[in-house]
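Novice: Straight out of TrEMBL:
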- Tyr55: active site, proton donor (ACT_SITE)
- His117: substrate binding site (BINDING)
- 19-300: domain 'NADP-dependent oxidoreductase' (DOMAIN)
- Lys84: site 'Lowers pKa of active site Tyr' (SITE)
Amino acid sequence: MDPKGQKVKLNDGHFIPVLGFGTYAPPEVAKRDALEFTPFAIDVGFRHIDCAHAYQNEEQIGQAIRSKIADGTVKREDIFCTSKLWCTSFRPELVQPALEKSLKSLQLDYVDLYIMHYPLALKPGEELYPKDENGKLIADSVDLCRTWEALEKCKDAGLAKSIGVSNFNHKQLEKILNKPGLKYKPVCNQVECHPYLNQRKLLDFCKSHDIVLVAYSALGSQRVKGWVNPNHPVLLEDPVLSAIAQKHKKTAALVALRYQIQRGVVVLAKGNNKKWIKENMQVFDFELTPEDMKAIDGLDSNIRYCDFQLGIGHPEFPFSEEY
């Protein structure tokens, strides 16, 4: 951690800001939101921007970043930009072209972090979710270790400063860590993580291998139809979080974000509202007590908002493992 507690060192020597701005939005508003909220997030102090090819708004995010570099708010090196390799480009020969496509959209020469979005290889092609006539995803048989080797080459080529994974369980991580001739370890594993799914075992596993856990859906989740189970309780209405928030004169959202930072987790905060985006920067203004942390730990109830039902049945579906 740097003295201000705002960056964490990755296992390859680079630093990642502990608070990131998430740019996922439902497809119908993704482009508009990216153009509107990304420059604002940079203005209020966000320096870590989390993107993905699958979000279909990298061009707009690129424009936003460019505009903030052009007006002198930031330099390129001030911004930590993540992109993600989508599952239809897992064949080794498709990896670098996919990254180059994202770089072109983002108008950047490199990304700071490039990660495999899910451990589920899918049939290559233009469709993000290739399905058969029964509506089931069409898997592609690619060894994740070969995909990883192609990511290592992207790092060597200077197209990505760091490389990592997302939504991997510990067995899938182990497969890469134990790969003969491994050149670079994943620097991170980006997973759903919040007080109702605190990922304690996966976090301990990652820490023991010097891999940073990055939390998405850290505030529960936007209720995106088809992705999120609508029957789950709303995290930010939890009485325990609300009581701790009142005590610190902060919001439940800030408490949920601060909880992650204090356990050494890098946390992404999405924002489709300027007031919330600005408010999320206040996460550095207070500290939770050990009692607060213990109380929040006690909320863990294995509730996964983004359970990716569509991926069930894929041989590499990650969420059937305990962690």
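A Cβ is built for glycine as well, from the same backbone N, Cα and C atoms used for every other residue.
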Novice: If I take every residue in the domain 'NADP-dependent oxidoreductase' (19-300) and average their pLDDT values, what number comes out?
Specialist: 95
Novice: Is it possible to get the count of other C-beta atoms within 10 angstroms of the C-beta of Lys84 (site 'Lowers pKa of active site Tyr')?
Specialist: 27
Novice: Only counting partners 6 or more residues apart, tell me which same-chain residues put their Cβ under 8 Å from the Cβ of His117 (substrate binding site).
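Specialist: Non-local contacts for His117 (substrate binding site): Ala52, His53, Ala54, Lys84, Leu85, Trp86, Cys87, Ser166, Asn167.
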Novice: Going along the chain, which residues six or more apart from the residue listed as 'active site, proton donor' have their CB under 8 A from its CB?
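Specialist: Those within reach of the residue listed as 'active site, proton donor', by Cβ under 8 Å and sequence separation of 6 or more, are Thr23, Tyr24, Ala25, Ala30, Ala34.
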